[in-house]
C-alpha cells in the first residue's frame with residue numbers, strides 16, 4: 001500500500017510539473033502575441049488574453065465530467081415555479097416604472113454559416129423580409145410606445161458580427177429604441193496536440209481568421225462589465241437584464257415575469273431567473289436544472305459521466321430544459337464580477353480547421369453561472385417562449401401560416417387545433433437558405449400538418465397544402481415537383497412522383 005501511495009503521489013507530482021510547464025509555455029506564447037498588438041488595441045487585447053489565461057488555467061486543473069452524479073437531485077418544488085402561477089398575480093398599475101428598469105440583451109455573436117449565409121445570423125430574413133434584428137427592434141419599440149417607456153436594446157456582438165451589425169444599425173436611427181453594442185472577448189484557438197495557440201500575432205483577418213474564436217455566451221459577464229456599458233446603465237437606474245439568443249423568436253419581454261422579479265411575493269428579490277420549458281423528444285440533449293450542493297445548477301450533457309447519459313436524457317427524471325431566456329440583476333453581476341466569483345463549467349469544443357488541423361476552443365455558457373447567484377429561480381414557461389431558428393426546417397415553421405406576426409412578435413395561429421408545432425425534417429438540398437427559398441414558390445399551408453419529411457431534389461409550387469403526415473422522397477437523380485394547388489394529406493410521395501396514401 002505504501003508503494004502504491006508513493007506512486008500515486010509521484011503521478012500527481014508529475015502531472016503538476018507538466019501543468020506548470022504547459023502554463024508557462026502558454027504565457028510565453030501569449031506574451032509574443034500581445035507584443036504584436038498596435039498601441040490602440042493593446043489594452044483591449046491584454047484584457048482578452050488575461051481572461052483566456054484564467055480559462056486555460058482552469059482547463060488544466062479540471063479532469064473528467066465536472067459533476068458528481070451521486071450529488072444530483074431533483075430541484076425542490078418551489079425552486080421551479082409554473083408560469084401560470086406568476087401570471088395569475090396580474091400586473092400593477094405602475095408597470096411602466098417597472099419596465100423602465102429593464103434592459104434587453106440579445107446574444108448576437110453567431111454567423112449564419114450553418115444555414116449557408118455569410119455575415120451575422122441576425123440579418124437573415126425570417127418573415128415578410130424582416131430579419132431577426134428587425135423583429136427584435138419592432139418588439140421593443142412596440143413596448144416603448146405602448147407604455148411610454150425607455151427600454152434599451154443591447155447587442156453582444158463578436159468580432160465576427162460587429163462590423164456588419166453596426167452598419168445595419170443606422171437603419172434604426174429613427175426608431176424609438178436606444179441600441180447599444182459591446183463585443184465579447186476574442187480568444188486564441190489552441191492546437192489539440194501541443195495545447196499552444198495557433199495564432200502568431202493579433203491580426204484576425206485573411207488567413208488568421210481561423211486562429212481566433214468568441215468564447216461562448218458565458219463571456220457576457222466579463223465583457224459587459226469590462227465594456228463600461230454596464231456601469232452606465234446602472235447609473236441610469238436600470239436594474240435587470242433580460243438575456244436571450246437573437247435567433248429565439250419566442251424570447252419576447254414578458255411583463256408578468258418582470259413584475260415577479262421587481263415585486264416578489266415574499267419580498268426577497270431573485271438575482272437570477274432561468275426560463276425552462278418541458279422537454280419533447282427533440283430536446284433530450286438540452287441542459288437541465290438540478291439541485292446540487294443546495295444550489296440550483298444547470299447541468300449540460302457534456303458534464304454527465306458516460307454511464308449516466310441515458311438517465312440524463314430521460315424525460316421522466318428530468319422533465320425540463322433551459323431555454324436560455326435569462327433575467328439577471330445588474331447589481332449582482334457587478335458584485336460577483338468584482339469578486340471574480342462567477343463560476344461556470346468549461347466547455348471544450350473540438351474543431352477541425354479547413355486545412356485539417358485539430359484545435360480546441362474553451363467556452364462557457366451564460367446559464368451555467370446560475371449557481372453563483374443568490375436566490376435563483378426557474379420558471380416553467382409555455383413552449384411558445386422557445387422558438388429557435390437553427391435550421392431551414394425551423395425557418396419553414398416560422399414563415400408559415402402556423403404563426404401570425406404582430407409588432408415583431410410571432411403567435412401561434414388560433415386556427416391550429418394543436419398547440420404544438422409539426423415535426424419538420426428537410427433534407428440536405430434545403431440546408432442553405434438560398435436553396436431553400438428557391439424550392440418553395442410560396443410557403444405551403446401547414447395548419448393541419450403533423451409531420452413533414454422531404455428528401456432529395458424536391459420543389460413546391462404555389463398554394464400547396466400539407467396535412468397530417470407527409471413524406472416526400474426523390475431518389476438520387478430524380479426530381480419531384482409538387483404541382484401548384486396540390487393538397488397532400490397523409491401521403492407518401494416517392495421517386496417518380498407516385499403519390500401513395502400514408
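Placed from the backbone N, Cα and C atoms, the Cβ positions cover glycine too.
Bear in mind that TrEMBL entries carry predicted annotations, made automatically and left uncurated.
According to TrEMBL:
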BINDING   121, 184, 216, 247, 390  UTP binding site
BINDING   217  substrate binding site
Entry from the binding-site residues list 121, 184, 217, 247 having the most other CB atoms no farther than 10 A: 184
Spatial separation of residue 217 (substrate binding site) from residue 390 (UTP binding site) - C-alpha basis, Å: 16
Long-range Cβ environment of residue 216 (UTP binding site), under 8 Å and at least 6 residues apart: 347, 349, 363, 364, 365
Nearest of the binding-site residues (121, 184, 247) to residue 217 (substrate binding site), judged by Cα-Cα distance: 184
Span of 121, 184, 216, 247, 390 around UTP - largest C-alpha separation, Å: 21
Cβ neighbour count within 10 Å of residue 390 (UTP binding site): 14
